[in-house]
Amino acid sequence: MSSGRGSRIPEYWYGQVPVPPFMRFMEVIYAGAVSLRRLAYRRGWRRRYGVAVPVVVIGNLVAGGTGKTPLTIEIVARLREAGWTPGIASRGYGRRDPKTPRWIQPDTPIELAGDEPAMIAWKTGMRVRVDVDRSAAARALVAEGCDIVVCDDGLQHYRLMRDIEIEVIDGQRRYGNGHLLPAGPLREPMVRGRLCDFRVLNAGQYSDRPTSGFGPSDWQMRLHIDHAQSLQGSRRRSLDAFSGQRVHAVAGIAHPERFFSMLRQRGIGVVPHAFPDHHFYRAEDFTFGSRLPVLMTEKDAVKCRAFADDWFFSVPLRVELPTVFWTALFDRLERLVSC
């Protein structure tokens, strides 16, 4: 049984029950506000800010997680391999004192960093700037010598001018019932995704060609798990070592069941513990009543290192995308810098 502490998503968002009439009314108001805001930026009524280097924005249209951060980390790694010096801009959701801009290091206290920026800094070793104003974060990164800015989330942050937009779509939930907030999960209408340069479908069937049923700039991404890393020391174990065993599986992410399912597919007996997205852990959260290994996502692990023991393991995600996707992305970047 799950601990039942995961964040609650309205059942009508994903079609289990009809949308309440009042929410349909609120959706109309929200839709008008979204359209007016986008028009204000298009017409120049609200100012936009750019920087002198390419800006890549990775985001989604729905509220909640879709796999943006693992893709951000993989893109940053590929950029480094290609000789770029990327910097990462993020809002830093859930951190203390959220209006204060801050540089995030791998050892920045989690309550000051936010879990996703902390994980990005830990995994990439690159400069990470958190700021509610992504354009200010981008300027700070460029001032520190970054020659490309990758924005983790921020598709709706039109204040920051961008060169490449990548929409990430949940391969299972897609756009839910297709309604805008609060009647559905959409932050913007579905047609907004067609304006993005690339659309990445998380957890779709892998293919080395564009995704069937989408468009020529739509690609399928798979997330793989194959080992667990001890939070104390450098001990690494294959997930096969846990096959046939019971473990406490911990996930404080938007869709914890996805993580639990991935572990089950590896033959692991999962005792699930779902926590709210962005939950800040205490040692008391792990009083499970039985001494079993604890497997958790990397996003959770960065918040548990201070009190973890030898039984705590993080499970890294490995991103797989078609070779043609990377070729298309880097071709676009080369054209940008050669202009």
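If you go along the chain as it appears here, the first residue is 1 and each next one adds 1.
The backbone N, Cα and C atoms fix where each Cβ goes, glycine too.
Here the structure is a predicted model, which means the values were calculated and not measured.
As recorded in Swiss-Prot, the features of this protein are as follows:
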BINDING   Val62, Ala63, Gly64, Gly65, Thr66, Gly67, Lys68, Thr69  ATP binding site
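Known features from Swiss-Prot, placed on the structure.
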| residue | record | contacts (Cβ under 8 Å, 6+ apart) |
| --- | --- | --- |
| Val62 | ATP binding site | Asp170, Arg173, Tyr175, Gly176, Pro185, Leu186, Arg187 |
| Ala63 | ATP binding site | Leu181, Pro185, Leu186, Arg187 |
| Gly64 | ATP binding site | Ile9, Pro185, Ala254, His255, Asp277 |
| Gly65 | ATP binding site | Asp170, Ile253, Ala254, His255, Asp277 |
| Thr66 | ATP binding site | Asn60, Val168, Ile169, Asp170, Asn202, Ala254 |
| Gly67 | ATP binding site | Val168, Asp170, Val200, Asn202, Ala203, Met221, Leu223 |
| Lys68 | ATP binding site | Ile58, Gly59, Asn60, Asp152, Asp153, Val168 |
| Thr69 | ATP binding site | Glu116, Met119, Ile120, Asp152, Lys299 |
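The ATP site is defined by Val62, Ala63, Gly64, Gly65, Thr66, Gly67, Lys68, Thr69, and by the 8 Å test on Cβ atoms against their centroid, the other residues of the chain that qualify are Asn60, Val168, Asp170, Ala254. DSSP classifies Ala63 (ATP binding site) as coil under the three-state reduction.
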